[in-house]
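Feature annotations, reproduced from Swiss-Prot:
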type     : residues                                                  : note
ACT_SITE : C136                                                      : active site, acyl-thioester intermediate
ACT_SITE : H275                                                      : active site, proton acceptor
BINDING  : R10, G11, M12, V13, T37, S38, Q74, S166, G167, P194, Q351 : NADP(+) binding site
BINDING  : R103, K245                                                : phosphate binding site
BINDING  : Q163, E242, R268                                          : substrate binding site
MOD_RES  : C136                                                      : S-cysteinyl cysteine
Amino acid sequence: MKNVGFIGWRGMVGSVLMQRMVEERDFDAIRPVFFSTSQFGQAAPTFGDTSTGTLQDAFDLDALKALDIIVTCQGGDYTNEIYPKLRESGWQGYWIDAASTLRMKDDAIIILDPVNQDVITDGLNNGVKTFVGGNCTVSLMLMSLGGLFAHNLVDWVSVATYQAASGGGARHMRELLTQMGQLYGHVADELATPSSAILDIERKVTALTRSGELPVDNFGVPLAGSLIPWIDKQLDNGQSREEWKGQAETNKILNTASVIPVDGLCVRVGALRCHSQAFTIKLKKEVSIPTVEELLAAHNPWAKVVPNDRDITMRELTPAAVTGTLTTPVGRLRKLNMGPEFLSAFTVGDQLLWGAAEPLRRMLRQLA
């Protein structure tokens, strides 16, 4: 059995990872060691059937060097501090990371095994020891649209995202819900009075939204009842860093011989933990919609094709329907007026599952 260290297992992504590992009985195949950046020495958690003693110090290089595999959901600052020191010390173990820090390094592979198992296998055969989870929207796009990429049908992709609060973190989710609650509380009496005028209610809500009284420590501006058409840092070319990741990570995941252009706008909306994306896809040749649907549905067990039907779409292609599931549905598939090679698609996926924790879990399963 491999000795596997876990850092950041208490956080949001880490908690989802622990839950999935228990569900799949992954702990049966490893010797887990739990680390903490602040509470080492206290009792370690029990997942599965094995007691794991006490929490170890996440900054203790000697303790970390004793591990065969490290799985970290602790964030980029931790990776920046510990990873170089570990490698410089001669540690030859496997590093599995949820943070973006190492994604684009030449000696790292972005992991999404239903999409790039061939790349992962080649990396393992060539001694690669660093495996990093991808950007959530990129991973979810490839899970849903993987059939088109696998058959080399994609000329380019334009995307508009509808990204959930969870992409920012736990505090962002709390802030969104708090904003929602304050807006409701501000007009609760009027809403309970059928004779009240809805435009008066709207004016009160708008006034509170603009007043500066809503909590915005995390998002910077109100999200409830609104949206934020910018995610992550601003780059010199006018993109946000989130938008830059689309092309950079897609092509690295797929190990493409020539770059597939991917670009668009990334937008934060008031969903809790499911990212949605609207795509305009330029195909390399004309492909019928039934064939597109067959290719998408056959690519992996989680890519579910939703018929382009109003009622079915409203039931099945929403964050409310998909949250907490591993399904990555794709729908609104139709040809666009621009020409027979132009395809529309709409996808939804849980940002914390295939968007974050599940690729890490499955990579660990391969190594253990």
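Backbone N, Cα and C atoms are what each Cβ position is placed from, and that goes for glycine too.
Since this is a predicted model, take the numbers as computed values, not measurements.
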Item checked: recorded positions near R268 (substrate binding site), in sequence order, restricted to R10, G167, H275, Q351 and a 10 Å Cα cut-off -> G167, H275
Next item on the list: Round to a whole number and give the Cα-to-Cα distance in Å for the pair R103 (phosphate binding site) and C136 (active site, acyl-thioester intermediate).
Entry: 13
Check: Taking the Cβ of C136 (active site, acyl-thioester intermediate) as centre, how many other Cβ atoms lie within 10 Å?
Finding: 25
Notebook entry, point to check: Roughly how many Å separate the Cα of the residue listed as 'active site, acyl-thioester intermediate' from that of Q351 (NADP(+) binding site), to the nearest whole number?
Noted result: 6
Next item on the list: Excluding Q163, E242, R268, please set out which residues of the same chain place their CB within 8 Å of the center of the CB atoms of the substrate site, keeping sequence order.
Entry: T137, T161, G167, I228, W230, I231, D232, C266, V267, H275
Note to self: Please give me the CB contact count at 10 A for T37 (NADP(+) binding site), counting all chains in the structure.
What the structure shows: 16
Check: Counting only residues 6+ apart in the same chain, whose Cβ is under 8 Å from the Cβ of R10 (NADP(+) binding site)?
Finding: S36
Check: Near Q351 (NADP(+) binding site), meaning Cα within 10 Å, which of Q163, E242, K245 (binding-site residues)?
Finding: Q163
Checklist line | Spatial neighbours of G167 (NADP(+) binding site), counting only the recorded positions E242, K245, H275 and Cα distances within 10 Å | finding: H275
Checklist line | Per-residue Cβ crowding (10 Å cut-off), top of recorded positions R103, K245, R268, H275 | finding: H275
Notebook entry, point to check: Which one is it: of the binding-site residues M12, T37, Q74, K245, whose Cα lies the shortest distance from the Cα of Q163 (substrate binding site)?
Noted result: K245
Notebook entry, point to check: Rounded to the nearest angstrom, how far is the Cα of K245 (phosphate binding site) from the Cα of M12 (NADP(+) binding site)?
Noted result: 22
Next item on the list: Given the binding-site residues T37, E242, K245, state which is nearest to H275 (active site, proton acceptor) when distance is taken between Cα atoms.
Entry: E242
Check: How many Å lie between the Cα of Q74 (NADP(+) binding site) and the Cα of E242 (substrate binding site)?
Finding: 20
